[in-house]
Every structure is written in structure tokens, then in C-alpha cells.
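Below you'll find the structure, written out as C-alpha cells, and then a few comments.
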């Protein structure tokens, strides 16, 4: 055992003790960024090896969320833009996502698909839908799996869903325009019924949200971490939660 191991253990214990005096975020969103770059810097031959390592890290993260009391976690695994990647990269990634969702289902997680499933291959969409239906009554941490997700697309889908729902009730456009408010749209988001994210984490050093939870993140706290997602450690997660707890949230006031 190297010197760094006991030092990290002691540092983690110190962080854990500090969290006892801080508010814990109810909903944490994570942009799982850096799988490909991690594979390259690690000298791996194939990009999918980075994606597989990133998938394994998800299960560590969920355990850490359980430990501190997080209630909802949203994992951005594949954006709408990512769907334009070459088939030789996209197909293995989709297979990894499908296997990850199956494992989440088998482990009894409450899986909630988040994204435009109509944009996905039939097999991927089916795995997501079946996992959502089979686990919707499960207790514990809610795991939003964002696949084929785009923030602007979500808002467009929410408005479309709202218009269709109101049209089915016979509401005219004039009537709807007269009483439309923010909550009406929020009720049709992918994450409807859930608390908005308190903390958004992005790995890999990129300092932008790229449209992640665009509507819901109006009052979220952001934490940008330098490490690539497969190298994300428990100590990095605890630092993010500590950073959140140490901040004074003003909600625009």
C-alpha cells in the first residue's frame, strides 16, 4: 500500500464528518464526460473500453449517493448530438447502455428513462421502456437515465405534450394562452413530479452544461471536476457535495 492510499482514506473520513453539518442535495445530475479521452490517455486500443469503464463507475456513484442520502440522480449517458457519431462507435456504446440499464433493473433500482426515445434504435428504446415500467414502483434512489437527451428538445417535447393534452380536453389556443404558466410546462417535462436538481456535476474539466436539464437547472448549483468520468472517485463526489453544502443558495434573491 502506497502512502497516498491511507492519506486519501483519512481525507475521505474528514470529508464525511464535514458533511454531517451540511445540507445534502436531494437531486444530483451528472454529465458523464470524458470516457473517450480517458481511454486514449490510458493507452487503451478501443473507445468502447472507455465507455465500459464509465458504465462501471455509475454503480459506484449510486452507492455513494445512497450513503449520503441523495434521493434522485440523473445520469446523462447519451445526448441527441451523440447520436450523430459514427456507427462503429455508437453501436457499441448503445449496447453498453442497454446492458447498464438491464443491470440497474436487475439490481432493483427505480429506473426512469429521460430523453427522446423515438430517436433511439428500437432495441435501446425497448430496454429503457421495459426497465422503466418494471421498476417504477421500486423504493429508494430514483435513477433518471438520460439517453437521447437534449435540453431544448425536452422543452419542445413538453410544449407539444401540453398542447396535445389540452386539445384532447377541448381547450382552445386562446384559453390556453390566457392561463398558461411555468408550472403547466413543468408538468410535461421528462422529470415531472421530481424535485429540480440541486447540484449538477460535470467531469472532464469542461465548464458548460451543454443544455443538460436546461429548464430544471435555473437554480441549480454547478460543480466542475477535472477528472475524466471513469477516473471519478468517491473523494471527488464528497468534494462536490461539500461544495454544494457550503454555498448559500439565493434563488434569485
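Placed from the backbone N, Cα and C atoms, the Cβ positions cover glycine too.
According to TrEMBL, the protein carries these features:
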{"type": "BINDING", "residues": "33, 221", "note": "Mg(2+) binding site"}
{"type": "ACT_SITE", "residues": "33", "note": "active site"}
{"type": "BINDING", "residues": "34-38, 46, 51, 79-81, 85, 202, 208-210", "note": "substrate binding site"}
{"type": "ACT_SITE", "residues": "82", "note": "active site, proton acceptor"}
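Feature map: annotations from TrEMBL on the structure.
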residue: 33; record: Mg(2+) binding site; DSSP (3 states): coil
residue: 38; record: substrate binding site; DSSP (3 states): helix
residue: 51; record: substrate binding site; DSSP (3 states): helix
residue: 82; record: active site, proton acceptor; DSSP (3 states): helix
residue: 208; record: substrate binding site; DSSP (3 states): coil
residue: 221; record: Mg(2+) binding site; DSSP (3 states): strand
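Ranking the recorded positions 80, 82, 210 by how many other Cβ atoms lie within 10 angstroms of each Cβ puts 210 at the bottom. Fewest other C-beta atoms within 10 Å: among the binding-site residues 33, 221, that description fits 221.
Looking at residue 38 (substrate binding site) and residue 82 (active site, proton acceptor), their Cα atoms lie 17 Å from each other.
Here the CA atom of residue 33 (Mg(2+) binding site) lies 15 Å from the CA atom of residue 85 (substrate binding site). Across the structure, residue 80 (substrate binding site) and residue 33 (Mg(2+) binding site) are spaced 15 Å apart at their Cα atoms. Other Cβ atoms within 10 Å of the Cβ of residue 85 (substrate binding site) number 14 in total over all chains.
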